[in-house]
Structures are given as structure tokens and as C-alpha cells.
């Protein structure tokens, strides 16, 4: 996160870190949505990966930190009216459930769609500078604004006219999610509304908000898979 501050140690109990299990490199963020499931971005997927839960500083292990491997992964395969930008979402089932603890607790799915103009919270261990690849050892948090989708269409003319993505950032620049913040949450008015997906190659540029997969528009799919329906019908 660019332009943020170190997150309060108690404000990100649902934030998880995805790692490559062979190189041990940090890949992405993710969000614990119940004891057994993590929601992240599809572009974070790697064949070999593990998940750290209850982590703050990458180099310090809390007593209650837990590690899990993916048992199952689900991707949004719908084709009707969905573009590739609408599909940057992945559900990971953990190989065993995690227990709530001082540094681990899930974040519930949204009960309402987000409203344009909301102030939203982003967090992650990603780049703190751009284009230099300075990663953070601790998660950084920042507040950004939720814009009408047309703002992102003006910034990225290749975007389709309608999309199940959210557009959020700081129009003046200087505050943004960046590389390796991918997969982490966008929290608007206390609700988990977006997944960090894509932005400009140079992060935190003026008038270039980032794109976030809209969690609310994928709720039926998420809830069906968690309920055990593996052949989920696509939304209309």
C-alpha cells in the first residue's frame, strides 16, 4: 500500500498472506471469510502455495500464527456477460479449519452493495513505492474513496462498459494499493466489498484509481460453493 501507515495490530485479524511454498516468497493477500475458507484474487494462484494466518510482521511469528495449505481452489468460470476483469476471484478451502484467536478472526461477507462516495479501507504487505519494488514487512493500511465505474473507464478505456468491478482510489494520487497487495480486501463502511485486482503499472498516479473485484456481485457463487454445491450455476 502506497501512502498508508502501519495497520493497527488488531484491525486485520482476517487478513491472510499467500506464499509460494517452494521459494518461500510472499505473493498476495487474502481474506478469511470463515474458519475454512479464504477469498482472494484468481491472478494470485500458484501451483505450490501456503497461507499464513495471524501474521503482522513477516519476520516475527505470533504464538497464535497458523499455516495452512489449499485443499481445494475454485475459480469463477461463468461466461455469460462476464469479462475477464469480472473473474479475478478465487475461493480457497483450507486443508483444516482455523480457530479464532488474538490475531485471527474471519470477516463476514457484505449484506449490502457499496455506495459510491464511501470511504474504504485497504491493507496489505505490498509495494510502498512505485515503480521501485519496496515491499513492507508489516501490513500498511490506507483510506481511499469509492468512485463511479465511469471514472475507471475514463482512466482505462479498454474496460467494458459495465463490469462487476469496483473503482477506488485517490484522485489526487499518492494513496493506492500496489503490486502484491493483490487479493486483499477493500472494506467500505465496515463491509468487505472488494478484492484488490488490478491498477496502473505505476501505482498511486492522479486520476488512475485501481480496480477491485466486486464481492457483492459474486455472493451467490461464493455461498453455493461453501455450502457444497460444486456445480454452481452462473448468475444472470
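Just so you know, the numbers here start at 1 and follow the chain as drawn.
Using N, Cα and C of the backbone, Cβ positions are placed for all residues, glycine too.
Per Swiss-Prot, the features are:
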type: DOMAIN; residues: 1-227; note: domain 'Peptidase S1'
type: DISULFID; residues: 7-141; note: disulfide bond
type: DISULFID; residues: 28-44; note: disulfide bond
type: ACT_SITE; residues: 43; note: active site, charge relay system
type: DISULFID; residues: 78-234; note: disulfide bond
type: CARBOHYD; residues: 81; note: N-linked glycosylation site
type: ACT_SITE; residues: 88; note: active site, charge relay system
type: CARBOHYD; residues: 99; note: N-linked glycosylation site
type: DISULFID; residues: 120-188; note: disulfide bond
type: CARBOHYD; residues: 148; note: N-linked glycosylation site
type: DISULFID; residues: 152-167; note: disulfide bond
type: DISULFID; residues: 178-203; note: disulfide bond
type: ACT_SITE; residues: 182; note: active site, charge relay system
type: CARBOHYD; residues: 229; note: N-linked glycosylation site
What remains of the recorded positions 28, 43, 44, 152, 203 once a 10 Å Cα-Cα cut-off to residue 182 (active site, charge relay system) is applied is 28, 43, 44
Could you check which of the recorded positions (120, 178, 188, 229) sits closest to residue 78 (disulfide bond), going Cα to Cα? 229
In chain order, residues whose C-beta lies under 8 angstroms from the C-beta of residue 28 (disulfide bond), counting only those at least six residues away in the same chain, are 17, 18, 40, 41, 44, 180, 181, 182, 183, 184
Do you know offhand how many angstrom separate residue 141 (disulfide bond) and residue 148 (N-linked glycosylation site) by C-alpha? 22
If you count Cβ atoms within 10 Å of the Cβ of residue 148 (N-linked glycosylation site), leaving out that atom itself, what do you get? 11
Residue 152 (disulfide bond) falls, by DSSP collapsed to helix, strand or coil, into helix
DSSP on residue 178 (disulfide bond), three-state: which is it? coil
Argmin Cα dist to residue 229 (N-linked glycosylation site) over the recorded positions 88, 120, 167, 178, 203 returns 88
Round to a whole number and give the Cα-to-Cα distance in Å for the pair residue 178 (disulfide bond) and residue 120 (disulfide bond). 16
